[in-house]
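Notes to accompany the following structure.
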Amino acid sequence: LEEKYDKVCEFCKKHKSKIHYMIYGILVTAYLAVVIAACSLNFQRALPLFITTVLAIFVICWDFLTAKYGERIAAFFSPGKRYLEKQWFWLKWVLHAAFIITIICWLIFDTAKQGSRHLISFGGLVMYVLLMFIFSKYPNRVAWRPVFSGIGIQFILGLLLLRTKVGFDVFNWLGIQIKTFLEYSDTGAKFVFGEKYTNHFFAFKVLPIVVFFSTVMSMLYHVGFMQWLIGKVGWIMQIFMGTTPVESLVAAGNIFVGQTESPLLIRPYLPYITKSELHAVMTAGFSTIAGSVLGAYISFGVSASHLLTASVMSAPASLAMSKLFWPETEKPTVTLRTGLQMAKGESKNLLEAASQGASASILLVANIAVNLISFLALLAFLDSALSWVGSLFDYPQLNFENICAYVFMPFSFMMGVDWEDSFIVGGLLGYKTFFNEFVAYERLSKLIHIREKGGSMYINGVKQYMTVRSEVIATYALCGFANFASLGLVIGGLTSIAPSKKKEIAGGAFRAMIAGTVACFMTACVAGMLTVPGLEVPCHVLLGNAFNSTDFPDNSTELVECCQQFFT
């Protein structure tokens with residue numbers, strides 16, 4: 001038996017690769033058989049599975065062809081590349097002129113159709129670019145390609161995701177799937193905290209989502225999916241924007257992970273990056289949010305599709321604003337043609353990766369909980385103190401939100417928020433900047449819930465909730481880690497990874513926070529330009545009010561739209 005066992009082991013070692021290919025072939029064949037069977041039974045029901053499979057096959061084939069025939073493909077296209085390089089001097093001006101003319105024509109036709117409110121958002125976008133240029137570290141050294149490319153990519157992404165039916169439906173479907181997926185954390189929360197766990201909504205409903213998402217992300221890192229996805233997104237930004245591999249990779253990573261985790265992807269290269277690249281790394285962290293807290297905001301009641309869109313759109317905007325606010329003045333040393341070698345996870349198997357992800361979330365959950373306790377307590381004390389000071393001058397309504405509202409009101413209005421709502425959005429921006437985005441989104445979710453109930457918009461002259469358009473713009477403007485609490489987190493986290501860059505990190509962190517804030521504001525401007533007004537009151541409330549009224553109202557656009565939705 002031992003001799004036969006040894007022979008079998010020897011045979012397996014000798015034909016190891018062939019056996020692997022056979023197993024993979026059997027598994028792939030079985031999977032394709034399942035897909036075909038599902039599609040033949042009900043194609044509409046199996047459409048998401050079919051699209052995912054087609055995309056996966058395309059990507060695998062693309063990777064295989066580039067790995068095996070990359071040099072031949074490059075040689076085939078090299079004549080065209082040389083021709084473009086020769087003609088690039090005049091061609092770039094033609095492309096710029098065509099882009100500007102297209103934008104102007106689009107604005108004219110869109111304004112004629114949707115109204116003039118979108119022009120304010122466009123004016124805000126131009127204003128933020130000009131402000132960043134005026135206060136740039138080296139205004140005469142600005143390379144405009146990353147700036148205009150970043151804004152262009154942001155606008156095209158917004159156009160695809162907010163204006164085209166396919167893009168909107170895809171991200172809306174993704175948002176629903178993520179929301180459904182995150183609800184599986186309720187099973188664990190219910191087992192640990194009991195049947196009435198939702199009575200303590202934030203502690204036992206929201207925070208377990210962070211644990212669950214962290215576990216899933218750790219598993220995806222172990223199998224190599226996240227590294228692959230981040231690498232592809234970073235490569236696209238590097239090609240179109242002309243940014244270096246380091247900053248492109250970190251900006252792509254920040255779409256999915258947090259501002260302290262994404263620099264770990266390029267940990268070996270951090271001591272060798274330039275000041276401008278370091279500024280870009282920090283800006284990318286400030287202008288996006290982590291996937292783990294994304295789930296928490298969705299559980300508040302904030303739109304999942306808009307949060308996903310904001311995370312994607314802010315990545316190119318962060319690089320554009322970073323390169324405008326701190327232009328490159330040195331020669332980058334890390335310029336690998338083949339791409340960077342990303343750091344891999346330390347786990348040995350999938351179960352260990354899941355356990356490590358859950359354990360790693362303990363610190364994050366504790367940080368969120370203690371920060372909220374301290375910030376909300378501090379805010380209550382500050383409001384009480386300000387109210388006392390205000391009462392001395394017959395203005396007891398004075399509080400922190402009012403002060404922030406007056407400071408940020410012009411900025412929120414220039415994003416395209418209605419003038420009546422700009423005061424409320426200004427207050428939310430103040431909470432986000434001086435405390436954190438958790439507090440701001442918690443306040444925004446309350447306003448959304450009040451609107452959905454369909455109560456009075458004004459009580460004693462005070463506005464109780466905002467329009468849907470203002471809510472959407474606020475969702476995009478708040479979607480980033482740019483606040484003073486994160487400032488210390490970034491300085492501490494990056495200094496521990498790259499101690500030799502301590503001085504540069506401390507010197508550029510505040511500028512990076514401003515650049516990250518403006519990147520979020522620009523994403524909100526693009527959303528303001530592209531958002532199509534929807535129903536301000538939910539259909540069930542609108543129709544309920546209509547049928548319960550003694551005098552049945554005349555048919556309005558809103559009533560007709562509601563009836564069509566219910567009929568569909």
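We count from 1, first residue shown onward.
The backbone N, Cα and C atoms fix where each Cβ goes, glycine too.
Predicted, not measured: the structure shown is a model, and the values here were computed from it.
Checking the ranges 278-300, 301-323 against TrEMBL, the transmembrane segment annotation falls on 278-300. Helix, strand and coil counts under DSSP for the domain 'Concentrative nucleoside transporter N-terminal' (124-195) come to 61 helix, 0 strand, 11 coil. Contact between the transmembrane segment (473-497) and the transmembrane segment (88-109) does not hold: fewer than three of their C-beta pairs are under 8 Å, each pair 6 or more apart in sequence. Residues 182, 184-186, 188-189, 192-193, 256-257, 291-296, 299-300, 344-345, 347, 349-350, 353-354, 356-358, 360-361, 364-365, 368-369, 372 of the same chain sit 6 or more residues outside the transmembrane segment (201-223) yet have a Cβ under 8 Å from a Cβ within it. Sorting the domain 'Nucleoside transporter/FeoB GTPase Gate' (203-301) by DSSP state (H, G, I as helix; E, B as strand; all else coil) yields 80 helix, 0 strand, 19 coil.
Under 8 Å from some Cβ of the transmembrane segment (88-109) lie the Cβ atoms of residues 118-119, 122, 148, 152, 155, all in the same chain and six or more residues away from its ends.
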